[in-house]
Structures are given as C-alpha cells and as structure tokens.
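According to Swiss-Prot, the domain 'N-terminal Ras-GEF' annotation covers 4-126, on the basis of sequence analysis. What Swiss-Prot lists as phosphoserine is Ser116, Ser117, Ser147, Ser554, Ser576, and the listing cites similarity to another entry. The region 'Disordered' annotation in Swiss-Prot covers 382-406, 557-592. Feature annotation from Swiss-Prot assigns domain 'EF-hand 1' to 426-461. Among the features that Swiss-Prot reports, domain 'EF-hand 2' is placed at 455-490, with the record citing sequence analysis. Positions annotated as Ca(2+) 2 binding site by Swiss-Prot, on the basis of sequence analysis: Asp468, Asn470, Asp472, Cys474, Glu479. Feature annotation from Swiss-Prot assigns zinc finger to 498-548.
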Amino acid sequence: MAGTLDLDKGCTVEELLRGCIEAFDDSGKVRDPQLVRMFLMMHPWYIPSSQLAAKLLHIYQQSRKDNSNSLQVKTCHLVRYWISAFPAEFDLNPELAEQIKELKALLDQEGNRRHSSLIDIDSVPTYKWKRQVTQRNPVGQKKRKMSLLFDHLEPMELAEHLTYLEYRSFCKILFQDYHSFVTHGCTVDNPVLERFISLFNSVSQWVQLMILSKPTAPQRALVITHFVHVAEKLLQLQNFNTLMAVVGGLSHSSISRLKETHSHVSPETIKLWEGLTELVTATGNYGNYRRRLAACVGFRFPILGVHLKDLVALQLALPDWLDPARTRLNGAKMKQLFSILEELAMVTSLRPPVQANPDLLSLLTVSLDQYQTEDELYQLSLQREPRSKSSPTSPTSCTPPPRPPVLEEWTSAAKPKLDQALVVEHIEKMVESVFRNFDVDGDGHISQEEFQIIRGNFPYLSAFGDLDQNQDGCISREEMVSYFLRSSSVLGGRMGFVHNFQESNSLRPVACRHCKALILGIYKQGLKCRACGVNCHKQCKDRLSVECRRRAQSVSLEGSAPSPSPMHSHHHRAFSFSLPRPGRRGSRPPEIREEEVQTVEDGVFDIHL
C-alpha cells in the first residue's frame, strides 16, 4: 500500500498510517524509510501523538480479530521504529508513553512475547534537559591553558566556543517548538526557541559592543578585523547561524556609520568582509547561502532564521487539509515541511568538531547575557564618532561593505527575563573562572593591574572603586559577585555604558546619585549625564556605580511595523526579523534624528502573520 499512496493528491491520516505499516516486512525491514520517518515526524502537525497511538492500538486489536499475524507484527515494528527514531517524544509525553505501555501489556497478557519484545518503552532515556533552559551540559577540557582575554583569543578559538554555545542551545529545540512558532507566529510559551533567538541576538550585540568599547578608531578597526576573521573561521566550521549573527553585528548601523574607524581597516579585510556579507545576504532568497549549505559535507549549522522563514511562508501559502471537513491532509505541503525540518533535525545528529574550555564558556555566557538596546548602541556609536566630525583624511580609502538585508535580530519582542538562579550560577562560575585565570599571584584578590586586563572582556564594567567596596585596593571574589548581582538586579540583567557627564547648574537642589547628599549652588557645582540625566558631585563621578541608561520614549511596535501585504491583510500579528525599523528612529533624541540612515536598511524583510 505504501507504493500506491499519492501524497500530492492528498490522503487521510488512516491511509498514510496503513501505508507506513505496510512499509515493513515481517522481519522488520523498512521498504520505504522516507515515508515512515516523514509521517512519524510530521503527524503532530495534523493529529496529537496520543491519537496516533490509539489508532495503532485499534489496528492491532482489529488484526487479532482478523487473525492477521502479519499485520500485528508489522504494527509492532512500526511502534519500535517510532520509539527508536523519536525517543524524546515518549519521555516528554506521559500520555503517549502510557498508551504504548498499554499495548505492550496487552501483548504480555496474550503471551505474545515475540511481539512484546519489539516494544521497549522502559529503556527510553530522559530528555527533560531539553525542556530546561537553565540546563548546562558537561564540556570537554582543552589540553592547554587558554587565555580568557578577548584580545588574546585566536579567531578559531572564539569561533569554536561560539559554535559550542549555540549548538548546545539548538539541541534543545524540538519539533513541537517549530510547530508552535509557525502556527502562532511568535515565541509565546516557547522558552527554548526564545532562548536560542536571544542568544543569536546577543552575539550580534556583543560584536557591536566590543567594537564600540574601544576609544580610538585604530583600536576599533583592530576589533573589526578580529571579528571578520572570526566570521571566516565560522564559515570554515560550516556554522552559518553564528556567521549570520557576527556579520549582522559588523553590518549594523551603529558600526557601519563609523567612517573614521573603517578608514583604518585594511583593503584585504574589507574584501573578506564583503565576501562573507554577500554569502548571507537575503538577495535571491538567500541563494548564495543555500547553495553553499547544499554543498556541505559533515557537520553544518544552518541559519535557523532563514528556515523558520521558509516554514512560515509554507504555512501561509498552503493549507494543511485539502477539504473543508479536514479529512484529507495536504501531502505536498507535508513533504515540503519535512524537507526543511529534516535538515534542522540533522544538525543534532552531528556534533561540531570543537572542544570547549569551561572557563571561557562561563565568561562568554555571562558576557552574552548582558543586553543593550539598539538606541544605546547607537548612542555609544555617536559618542565615539559624532556626526559633526569631518571625514578622516587618510591614505586608506576603504569603506565598509554596504549593509545587507540580513537577519540582525529575529524578534521585536523584549528579551525574556532570565531565571535569577541561572543568573547567579553564571555569575559565580564566571567570577571563579576570572580568578583562576587572572589572579596571577594567587592571593585570592584582583589588583588594579589585573582589573585592567579583565576589563578587556567586560568593556561596560564600572570603575575599579565601584567593585572594591571596602576600598582596600583590591577586589575579592565576594565583591565581584556582589557587583554583577547588583548590576543585574538594578538593571534587569542589562548592563549599560559609561556616562557622558557635563557640568550643570540647577535652580533647585538635586541629590547626588552616589552619596545621596544634595548638590547645592547654581554655579556648576555638579555634573549631569547628557544621556540618562543622572546627577552627582564632581568628586563622586568616578565612584558612581549606576550605569548609563539613556532615556527613551515609549515606542509602539505595532505602529512602527510595515503594513501587511493585501493578500494577508486579515492577519494582525507581525513577526520581524530585522532591526532597526524606520519608526524607531523617531524615538531617539533630536541629535540622532539628524543622522542620515543608509537607504539599504529599508531592504530588510518582515514576515507578517
């Protein structure tokens, strides 16, 4: 029967189930493994797994009445294949597991041990870690000691550890997460996929922050060059997903506007940058990327955002059922969905060819968990190179590659609030890693010289005195943990930037944010941050522990999103893969609105659901 099914014309669930049973012979050999795997993977798109199990139980019971021993054993072979191919489904779905146990109990009662032995539900391992966003898997040790200083990390080392972090997060995504995203058009009640998207966005933002943390144009150019080579190594690892995140950060408007910085980037680096950008551009429906991915052998990490876009497009274009009664499923759509999801599922079966250093993983995890808004990054960019600054006169005529319509950020929703226990765990492990690697004399404290090295990994760190709470000239483990926990609590896990202070006067007394004493007098007795409005005494400036959080007006995401196309005007939810949007520029202070944004930014695409 498997050979007579014409999926393009549609079929019922029962017909497809019968076809999968008949795909087995009595010995358990599968004649049509593609059909069987497709149906077992895709059936939750149409019916719950518990209903499928009930249908299998009914078929087995009916075959007993008909004395069809062949049908009985084939049904058991299908159940065995299902458990073997998708074990997580049985561990995470208690109702499904109970139904299969009911079938096995029925076989045992009949004394049919041959058939019963085919169904081994009790040996399914636990997969609850796939549903726990806070779970951390053990990692292998590097044979040599690795420097944790960003400037000392080789591009391949950083590429390998970024690959490991994203791969570990990706392995937790299940079929049900993709199905939920496509049907709802968002990540509501989908924490695993939401966390992966946040990690992708964090990599892009971290790239921008590491560049903007450098005070001079030549220093920023060196960081850009470093990340271009990291992107090159990501391509060698065939990790296109993190490659997209890094290129998105390098191509962001907060970086692309730094003309003086780009004048210090070598022509060779610019050429390499352009090639990597062209690889992940949206031109031709990501044609360059798709061709490169198809030619890959071994481990490869596809750009999840591109394939989610494909799933959403299919969901909008084709119906699940071919009749109003919802009895004949759309086999053509099922095959197309399966081809996309099978490519994603293949990633988890091939481990990346990397080893990870636990200390560096802890450091990266905490670094990437910090969050800055686009406005904050853009504001820091303006502080580095104000718009009024004349163009640099440099013999180097290099310009950055044009900003591509890449997936800079996958969702316009706010970053999900992290579990506090996870934040504490990450911070404590990171601090322990810092002391193990940067406490050179082993006295259990960080000196000012050692602190300056650490600051290379955390450019948003406050002054040394803010961490040295007892002012003894060194920082203890407890003081460093306390600083990060305090910053995470006050700022909601979002580290800020240094203040842009100027002398100010006031007709009314204001309190110093550090010492809480009043700032008296109208003749510039205090300082005020131009970005966030924080006031403090001049003598308290370097001791202020509050990070700069630039004030911004509330922005309606619905108002800033482009209008849906006419053919989908009946839908109201919008899912955006890109930032910034034209509507958000109006929320910046007046000096930012004067900035001319590159016209290519309008080329980013939105998916409207």
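Note that Cβ sites are derived from N, Cα and C of the backbone, with glycine treated the same way.
All features noted in Swiss-Prot, drawn onto the structure.
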{"residue": "Ser116", "record": "phosphoserine", "DSSP (3 states)": "helix"}
{"residue": "Asp468", "record": "Ca(2+) 2 binding site", "DSSP (3 states)": "coil"}
{"residue": "Cys474", "record": "Ca(2+) 2 binding site", "DSSP (3 states)": "coil"}
{"residue": "Glu479", "record": "Ca(2+) 2 binding site", "DSSP (3 states)": "helix"}
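Confidence in the domain 'N-terminal Ras-GEF' (4-126), given as mean pLDDT, stands at 87.
Shown for the domain 'N-terminal Ras-GEF' (4-126): DSSP residue counts in helix, strand and coil, namely 87 helix, 3 strand, 33 coil. Those same-chain residues not listed among Asp468, Asn470, Asp472, Cys474, Glu479 yet with C-beta within 8 angstroms of the centroid of the Ca(2+) 2 site C-beta atoms are His445, Leu467, Gln469, Gln471, Gly473, Ile475, Ser476.
Distance between Cα atoms for Ser117 (phosphoserine) and Glu479 (Ca(2+) 2 binding site): 59 Å, as a whole number.
Taking the C-alpha atom of Ser116 (phosphoserine) as reference, the shortest distance to any of the binding-site residues Asp468, Asn470, Glu479 belongs to Glu479. Put plainly, the binding-site residues Asp468, Glu479 were compared by Cβ crowding within 10 Å, and the winner is Asp468.
All protein chains included, Cys474 (Ca(2+) 2 binding site) registers 19 other Cβ atoms within 10 Å of its own Cβ. Within the domain 'EF-hand 1' (426-461), the DSSP-based counts of helix, strand and coil residues read 20 helix, 2 strand, 14 coil.
Sequence-distant contacts (6 or more apart, same chain, Cβ under 8 Å) of Asn470 (Ca(2+) 2 binding site) comprise Glu479. Of all the modified residues given, namely Ser116, Ser117, the one with the smallest number of surrounding CB atoms inside 10 A is Ser117.
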